[in-house]
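Structure, as structure tokens:
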Amino acid sequence: VEAAKKAYHAACKEEKLAISRETNSKADPALNPEQLKKLQDKVERSKQDVLKTKEKYEKSLKELDNATPQYMENMEQVFEQCQQFEEKRLRFFREVLLEVQKHLDLSNVASYKNIYRELEQNIKTADAVEDLRWFRANQGPGMSMNWPQFEEWSADLNRTLSRREKKKAADGVTLTGINQTGDQVSQPNKHSSSLSVQSNTVQSVQSSYNPFEDEEDTGSTVSEKEDNKIKNVSSYEKNQSYPTDWSDEESNNPFSSTDANGDTNPFDEDASPAMEVRVRALYDYEGQEQDELSFKAGDELTKMENEDEQGWCKGRLDNGQIGLYPANYVEPIQ
């Protein structure tokens, strides 16, 4: 129907345009009779096209009108099927919701009714006077008291008094901050210690020989010794791992930069210059940076410094160029 409609409207438009051209050509004397004849033929053909397209358009509309009742009947059947399905769905939901409501409603359950009935009875039977009387008898002035009474002497009490008397009889002096000397190492985890000793022990501790003092330091004053003690205590409180009487000025320190004879420290890395060693290249290497050497397998060069942490050595080629190279690319020449 839509296609026939478009064809009919196009034919009508073409007919109107042909009639307009024919009318204009009659008023134009410059046109010859042959051209005028062509315009008239054009008008006749357009009129025939209009009649044909109109007939097709009407025929398609008639066929559509004839099929409309059957179409409506089919649509009614489909709609009824949808209605039946929807009715079944709505009834199902209604039944499910009724079941949910039935299970959520606890007012009809006998057990719940008994629970609420017992709760109500317990609340109603509560007696404030009886509760206060019970609290007075059990937690108030009416409760039983454990007043002090006379107790007879017993042997267990005598043993307790004897231990106390022994503790009081132990006279002496309590020392704090005692540092162990000799072969014993002080524990850095403990900041202080206390010992109870007799008076003669204190005198022996005060007069004991300090093994960390120099033999030549006999003329030091008491104030200097007191200053050394203060320094030792402060270093001990800082949890130092070395002994409190340690001094960097002692002549027997094996780790000092200069020993007693004036020799150099054997642990210094720069104590002796590195020896130059001739090496041979195992592989070809092309320097990636300006400070790197380039050589071929079999070339000989001089190693000037040992391998560093990154695995590089410093060497010199025979042409005098100095630079770095991978240590695993060469081997010493036997």
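In case you wondered, yes, glycine gets a Cβ from its N, Cα and C as well.
Annotation comment: TrEMBL describes 36-67 as coiled coil.
Positions annotated as compositional bias 'Polar residues' by TrEMBL: 176-191 (among others).
Here TrEMBL flags 192-208 as compositional bias 'Low complexity'.
Among the features that TrEMBL reports, compositional bias 'Polar residues' is placed at 231-244 (among others).
The compositional bias 'Polar residues' annotation in TrEMBL covers 252-264 (among others).
Marked as domain 'F-BAR' by TrEMBL: 1-131.
For the domain 'SH3' (274-334), the model gives a mean pLDDT of 90. Feature annotation from TrEMBL assigns domain 'SH3' to 274-334.
If you look up TrEMBL, you'll see 163-273 marked as region 'Disordered'.
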**Study point:** Chain residues outside the coiled coil (36-67) and at least six past its termini with a C-beta under 8 angstroms from it
**Key:** 1, 4-5, 7-8, 10-12, 14-15, 17-19, 21-22, 25-26
